């Protein structure tokens, strides 16, 4: 289900997932022996329409990265449940969910500039007011801009599977990041992951189940959840299903 994209070093899993550019160090409060990345290096040109959206819409919807707590009410102009999305790619899924759930605030972290421009363009065209973007690595954003118990949900959709065994350690869903995310969730808040790589799906269940603060929202023996209605089926996912490929959703909630 991985479409080829000759202009990039890594191939997105679907039309919404494009992970992006520069390494950061693990936050001080997370023990980890190596650098944590929430993205992979990508290339790609920003179209004129995307650049126009960055220039004209960006000042309204882009929140500058700063290593101090985010003022959610100031950023969104209201108090509302807060959802973080890590790596929104070209933004179609993010825009769809934000329109479907206008009562929630959606903060997307993405460093890939064409993706940022694409989501800004969608938000402007569809008059979506409950999206904000931080164009910075998500690990640093979570560690330094998000306080404990501030999130109602986290979305991680189709992260790079790093399917070769020797590359598995590069996967995004790892215990240090999950521990950090759990600390930022409110009691009852959720982490929702989706992948089309079965082995990674099982690893997601294992890693999330290994975090004491979380519990599986599913009672299924395999630990997987049904796809929530708010997550749309992308065109590549639909094509993969026709070819007999699977997609797995994993949802865990914070205890308490």
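A Cβ is built for glycine as well, from the same backbone N, Cα and C atoms used for every other residue.
From the candidate list 71, 104, 124, 196, the residue Swiss-Prot records in the substrate site shared with 164, 234, 235, 236, 237 is 196. Binding of S-adenosyl-L-methionine is attributed by Swiss-Prot to 85, 110, 160, and the same site annotation extends, among 55, 137, to 137. Of the candidate ranges 142-147, 148-153, 154-159, 166-171, Swiss-Prot annotates residues 166-171 with the feature region 'Interaction with RNA'. Secondary structure at residue 110 (S-adenosyl-L-methionine binding site), taken from DSSP and collapsed to helix, strand or coil, is coil. The binding-site residues shown are 85, 110, 137, 160; of these, the one with its CA atom nearest the CA of residue 237 (substrate binding site) is 160.
Residue density at residue 164 (substrate binding site): 8 other Cβ atoms are found within 10 A of its Cβ, drawing on all protein chains shown. The two recorded residues residue 235 (substrate binding site) and residue 85 (S-adenosyl-L-methionine binding site) have their Cα atoms spaced 20 Å from each other. Taking each Cβ in turn and tallying the other Cβ atoms within 10 Å, the top scorer among the binding-site residues 85, 196, 237 is 85.
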